[in-house]
């Protein structure tokens, strides 16, 4: 009896290492953490840099007024200051970050009601905000740029050594990046933390998606598992920005990042318990070369759709909060909540179409999704307040959910159909496409907005999505590799063969004793 009790934890660990569902949980949590950290900085960084740097710029002016003026500013009669972001008044002693007093050397009239102040007061510091578009865009894009550089090495690496080690390396780097965000007080340190996040995200995303594709070999089950895993991505996008804005407003800058660091520790402990290094067979190291996959036109079409659809929301991350600050006089907490409809709709879209796309046709879902992305982006500049952003942002999130949940399984399907069923490289390509969108979007958006304005930027990226959408028709019936050769030699008709998995019974790649029979579930 005593031996049975002592052996129970070992038995549970052994069963857990052979469970596909726990692997799905690990990938879900990893994507959740990555995307919470991705979006939690969206409302924090613009306000934090404004509070620190713009305040420092104006502090030199504070020393300019005469002694009598300074005394008058501290007197009870003139102890109120106007916030040009949320049209509220407060005492100078109750100054919090992101509130800037009128310090031009003259005494402003007492403000008693927000409605009595002209609306153009919310445009104070507009030159600084326009300059911040570029710097914040580069900061946000640095994560995707670094991820873009690392992905081509991570994909083949997972084919060689398996998925456990890259997943755990990704966890450690993400944990370090989260701590750096918590305690960084300058733009340079924030930039380093963001680039570190890109490295960790590359390891976690490529290894996680490749792991799911290896474990779930059935096309229907794979689509469902990918939809659930992308739900973790969606949930991270859902709670990241609102969570960051609320915690920054009422607790402080470090608090959301410390909570995410604790979540990273939980994910690392879960990985350490249930994931073990793969027993890599010689055939698993003979996957299709990355360059060969990049020459496949069908993989390129799918990757282009992923890139352009996600570029739409990537452009909004640095530009929408600043546009709201300039045109809507929005307070800090609204800057994060503006992304809430998109995140909720993305969560619904990924889970709904992870199952429906297999019945409707994944190519059709991706085509409709890209058109919807374009239309939603065209409607964003029409909003005059945060309530006007609900519809366009919700449509954008739902449409991107359609595209991602449809095209991620297609990437694995194309490798099974046209190449060798080793998935590290193809999901590295998918992640590269995602990263290109999140690299080009914020960086170019931050540069273009001061030149042509935010509305025209939305028109351009929305139109590009609509124009690209018809290319998804090529994904309807992609030919198998043997069919392609036969078609070129005119030796067989062009009908598409029925899709069959090359290795229908694939051993669980992460089990400690993969030779032992047992249930996968």
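For all residues, glycine too, the Cβ spot is worked out from N, Cα and C.
As given in Swiss-Prot:
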CARBOHYD  58  N-linked glycosylation site
CARBOHYD  87  N-linked glycosylation site
CARBOHYD  104  N-linked glycosylation site
TOPO_DOM  1-21  topological domain 'Cytoplasmic'
TOPO_DOM  43-135  topological domain 'Lumenal, vesicle'
TOPO_DOM  156-164  topological domain 'Cytoplasmic'
TOPO_DOM  186-194  topological domain 'Lumenal, vesicle'
TOPO_DOM  216-224  topological domain 'Cytoplasmic'
TOPO_DOM  248-253  topological domain 'Lumenal, vesicle'
TOPO_DOM  277-296  topological domain 'Cytoplasmic'
TOPO_DOM  317-332  topological domain 'Lumenal, vesicle'
TOPO_DOM  358-362  topological domain 'Cytoplasmic'
TOPO_DOM  384-394  topological domain 'Lumenal, vesicle'
TOPO_DOM  416-419  topological domain 'Cytoplasmic'
TOPO_DOM  441-445  topological domain 'Lumenal, vesicle'
TOPO_DOM  468-521  topological domain 'Cytoplasmic'
TRANSMEM  22-42  transmembrane segment
TRANSMEM  136-155  transmembrane segment
TRANSMEM  165-185  transmembrane segment
TRANSMEM  195-215  transmembrane segment
TRANSMEM  225-247  transmembrane segment
TRANSMEM  254-276  transmembrane segment
TRANSMEM  297-316  transmembrane segment
TRANSMEM  333-357  transmembrane segment
TRANSMEM  363-383  transmembrane segment
TRANSMEM  395-415  transmembrane segment
TRANSMEM  420-440  transmembrane segment
TRANSMEM  446-467  transmembrane segment
Between the stretches 136-155, 195-215, 297-316, 395-415, which one has more Cβ pairs under 8 Å with the transmembrane segment (363-383) than any other?
395-415
As a test: from 22-42, 225-247, 395-415, pick the stretch that has the greatest number of Cβ pairs under 8 Å with the transmembrane segment (297-316).
395-415
Model confidence over the topological domain 'Cytoplasmic' (277-296) (mean pLDDT, whole number):
64
In contact by Cβ distance (the transmembrane segment (420-440), the transmembrane segment (136-155); 3 or more pairs under 8 Å):
yes
What stretch, picked from 225-247, 254-276, 420-440, 446-467, has the most CB pairs under 8 A with the transmembrane segment (22-42)?
225-247
Could you check whether the transmembrane segment (395-415) packs against the transmembrane segment (254-276) - three or more CB pairs closer than 8 Å, residues at least 6 apart in sequence?
no
Are there 3 or more C-beta pairs under 8 Å linking the transmembrane segment (446-467) with the transmembrane segment (333-357), counting only pairs at least 6 apart in sequence?
no
Of the residues in the topological domain 'Cytoplasmic' (216-224), how many are helix, strand and coil by DSSP?
6 helix, 0 strand, 3 coil
Beyond the flanks of the topological domain 'Lumenal, vesicle' (384-394) by at least 6 residues, Cβ under 8 Å:
320, 324, 327-328, 330, 334, 337-342, 344-345, 376-377
